[in-house]
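If you look up TrEMBL, you'll see 1-18 marked as compositional bias 'Low complexity'. Residues or ranges marked as region 'Disordered' by TrEMBL: 1-78. Here TrEMBL flags 31-55 as compositional bias 'Polar residues'. What TrEMBL lists as domain 'FAD-binding FR-type' is 125-252. Per TrEMBL, the feature FAD binding site maps to 194, 196, 218, 227, 228.
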């Protein structure tokens, strides 16, 4: 009997079939019939070549060969292949960078690198990575770091940041317009954070820094300081984590800069110790506008930020341990002899804090003064220093000194010293004036900023209540001067920063 090709089985044989057939796997087979020389028994032998894989017709369902005859699916599109290849390359490079530079990238950055999500913006609830783009050593113990928003795509692709998000620019603009503000910087190993006050941008670079979203901080490495010691070890290109901005005390409302016509503006005396110069410069920026080399830009920003036409007078007395912290700064005695009046200065635009102070003095010689004391030169801030600075606001060219508080409500947190005792800087930006008609004459502000010991010596310690740091009663040297009548308690409001 000749062999013939059987059609492949396309379904499992029923259970009623002979067991010998149930064991046969479906497929194409060759049937050979042999007849022995004697006997009536016919033998069937089923054969097929050996293979470790099923034949093309094995299995349930249609024969793949039949499917080919009906038409085949098109090959993958080249564009999809290119996208997949690019994603694979970027992912591989990102993982490679993670292994080589773990401080630069993390696994959470991969979706940003692939363009699936956008980098997180600075906010008050979670820490956001920033990159250190410059570091300037201004003295043996103090340095300035400049940071900008971290974008892992720029790290992987070798790009540089040119612009930041509109949301971040609006946040920074609001913070600078408010006046006093800070951000938290985290120490990741110890999981602790400290508040740091951003410095105004360098002279002539206000717009560029705003577009890039850059922030600058004056930091002094302190013995035993967890965060300052951590920051002192970082280099350009390293990451830091920031949270904020946190708005501080409302200087504008207290000074009466936005009061209705006929209301008088207050004046400012600022005692700054060491890095406490940073909030002093923030106040100066709010009073006199961004520091620009060109007057046109200065006028433009005054219109945008509603700057006062005639800003109040401000005197900064900056205490330092060493002369290297305040080079070329006029000594306090010279300012005293002149009665805190203006003098000609040689503006130097290089490094540290001095360019800020000198430039403001150059553009506002009648309203702004500053002087320095140096511990190693045996010059310190004392009671006479404070009295001289306060009295200087009564000179003939500053007749706007506020006298009396007839319109101030005792419960007003903005204009009442009694109510200020219970105020926290974290909540002050939400405070509303409770004075008659919602407005009061501006208050003169005596502001103190620096290490805790510096603040306690001149204005008394702050107080903790309900989990917040509050102002507490006025104490120290200022309280003694007020009790002696050398500084009028009803005319000056003390702010501890």
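Each Cβ is built from the backbone N, Cα and C atoms, and glycine gets one as well.
The candidate set comprises the binding-site residues 194, 196. Of these, 196 has the most other Cβ atoms within 10 Å. Here the binding-site residues are 218, 227, and the one ringed by the most other CB atoms within 10 angstroms is 218. The FAD site is set by 194, 196, 218, 227, 228; from the centre of their CB atoms, other residues of the chain with a CB within 8 Å are 185, 195, 217, 219, 220, 225, 231, 275. In this view, residue 228 (FAD binding site) is surrounded by 21 other Cβ atoms within 10 Å of its Cβ, with every protein chain counted. Pairwise Cα distances among 194, 196, 218, 227, 228, which the record gives as the binders of FAD, peak at 13 Å. Following the DSSP three-state reduction, the secondary structure of residue 218 (FAD binding site) is strand.
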